[in-house]
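Accompanying notes for the structure given below.
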Amino acid sequence: MAASGEPGRRWPAVVVVGSCMTDLVSLTSRLPKTGETIHGHKFFIGFGGKGANQCVQAARLGAKTSMVCKVGKDSFGNDYIENLKQNGISTEFTYQTQDAATGTASIIVDDEGQNIIVIVAGANLFLNTEDLRKAASVISRAKVMICQLEITPATSLEALTMARSNGVRTLFNPAPAAADLDPQFYALSDVFCCNESEGAGDSFVGALAFYLAYYPDMPLEEMLRRANCIAAVSVQAAGTQSSYPHKKDLPLTLF
């Protein structure tokens, strides 16, 4: 971990405190009934989790990013760390634990696009305030900090508090939705970004964080318009992170 005020270091502009999930996806002609076994026609493993998704999209637009998260000390965790590195994301504060497996989402999708999903948060729930304190150097120097609710709410709240106390702009994505959200989340969020159901929310949040960090004088309405354009591109391709566009694939008018 870098010492405070380390000379010559270029600090990440976008820091994400959140989740990493390995997606286990089966494609079938229809969804199985209770107790039924059916044949699928394709299986693949992908990278997901709201936090990592948002971080990947920001990085693909050119943001210098860091992911503060926890995965298992297992093959899925090792693969996920490599995926983050391949996207140019700092993994200095991507922790591994032997106390839980890497988070997974088991997903069945039928030909109509309907799905059934079972999420096991696993190591994501082991990210704690001590981990955040170790990452204080990057959180406190970021231009934007993002968090969500796929880690424990207490950890997200601590991340928001830490960022806000250091003058860092905070972007909170309250997903998965919580019925009784602590009012402090509203007070500590500069931007409170709710989801729709199209599956483009993580791309949108990552793009918005990019604009907040690198175009701070741009009107928020224009940031939202551009982030929406980028998210619209993501729904035209298959997969989650695999569908997120790079800067080179987008019109120059967005930059």
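Note that Cβ sites are derived from N, Cα and C of the backbone, with glycine treated the same way.
TrEMBL entries are annotated by machine, without manual review.
Here is what TrEMBL says about this protein:
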- 14-198: domain 'Carbohydrate kinase PfkB' (DOMAIN)
- M21, T22, D23, G49, K50, G51, A52, N53, E150, D202: substrate binding site (BINDING)
- N195, G201, D202, N228: ATP binding site (BINDING)
- E198, S234, A237, G239, S243: K(+) binding site (BINDING)
- 199-246: domain 'Carbohydrate kinase PfkB' (DOMAIN)
- D202: active site, proton acceptor (ACT_SITE)
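In the domain 'Carbohydrate kinase PfkB' (199-246), helix, strand and coil residues by DSSP number 32 helix, 0 strand, 16 coil. With respect to Cβ neighbours within 10 Å, the binding-site residues N195, N228, S234, S243 differ, and N228 shows the lowest count. Taking the C-alpha positions, the distance from A237 (K(+) binding site) to N228 (ATP binding site) comes to 16 Å.
Put simply, K50 is the one of the binding-site residues M21, K50, A52 whose Cα lies nearest to the Cα of G201 (ATP binding site). Minimal Cβ crowding within 10 Å, among the binding-site residues M21, A52, is found at M21. In terms of C-alpha distance, the listed binding-site residues N195, D202, N228, S234 place D202 closest to D23 (substrate binding site).
If you compare Cα positions, A52 (substrate binding site) sits closest to D202 out of the binding-site residues D202, S234, S243.
The residues near the substrate site, meaning same-chain residues not in M21, T22, D23, G49, K50, G51, A52, N53, E150, D202 whose C-beta sits within 8 angstroms of the mean position of the site's C-beta atoms, are G18, S19, C20, F47, G48, G103, A105, T240, in sequence order.
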